[in-house]
Amino acid sequence: MSYVFINDSSQTSVPLLQACIDGDLSFARRLLETGCDPNIRDHRGRTGLHLAAARGNVDICRFLHKFGADLLATDYQGNTALHLCGHVDTIQFLVSNGLKIDICNHNGSTPLVLAKRRGVNKDAIRLLEGLEEQEVKGFNRGAHSKLEAMQMAESESAMESHSLLNPNLQNSEGVLSSFRSTWQEFVEDLGFWRVLLLLVVIALLSLGIAYYVSGVLPFSASQLELVH
């Protein structure tokens, strides 16, 4: 057997729980279909899901889940169904439906710790170990992502504070932004070619004024000789 019962009895006065112990799928199904409470407990606080999982009755676990059994239910020791099972298919079913592999009971024991203590088969142990390792890696990735997000937020906050503490920087950014907006509106209103023609005319007028004032034609041969 790949499981060890924990101070268990093979008899109970509750029909559904007895069906879960015996692995009687058809009887359990009839009881559930006639309205039996899927979360009914025994004197140790264990539900049918606990008892079916402990014996590897995964089909009964599925039916209990289908009829509303609480997968997160714990017994009076804080054990989930996953703490009591030692079968690969039952472990896979419970984990795939939301049970956490690293959840601890009232004594701080995880399903893996109890499985090793009970001496379940090696395949179940390896599965639990692999699932715990995945959980740890996922937690580390999540923590790293949160740390990066916090660092980015702090950096943005520092930049904003620097901008607020430096009014000259803030004013210059505002002036540049205003100038860009005004220039874009100006170009859109006149049209690109008209603006280009206007700039050419302004440039020619500037050259004419320079010649009138200095008497020297800009970019003339004499100016180039002086430069050399």
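Note: Cβ is positioned from N, Cα and C throughout, glycine not excepted.
Residues 46-49, 51-52, 55, 57, 59-60, 63-64, 67-70, 73 of the same chain, all 6+ positions outside the repeat 'ANK 1' (11-40), place their C-beta atoms under 8 angstroms from a C-beta of that stretch. According to Swiss-Prot, the feature repeat 'ANK 1' maps to 11-40.
Swiss-Prot lists 44-73 with the feature repeat 'ANK 2'. Same-chain residues lying 6+ beyond the ends of the repeat 'ANK 2' (44-73) with a Cβ under 8 Å from its Cβ atoms: 2-3, 5-6, 8, 16-17, 19-21, 23, 25, 28-29, 32-33, 38, 79-82, 84-87, 89-90, 93-94, 97-99.
The feature repeat 'ANK 3' is assigned by Swiss-Prot to 77-103. Looking at the repeat 'ANK 3' (77-103) alone, the prediction's average pLDDT is 94.
Annotation comment: Swiss-Prot describes 107-138 as repeat 'ANK 4'. For the repeat 'ANK 4' (107-138), DSSP puts the residue distribution at 25 helix, 0 strand, 7 coil.
Residues annotated as transmembrane segment in Swiss-Prot, with sequence analysis given as evidence: 195-215.
The helix, strand and coil residue counts that DSSP assigns across the repeat 'ANK 2' (44-73) are 16 helix, 1 strand, 13 coil.
Under DSSP, residues within the repeat 'ANK 3' (77-103) fall into helix, strand and coil as 13 helix, 0 strand, 14 coil.
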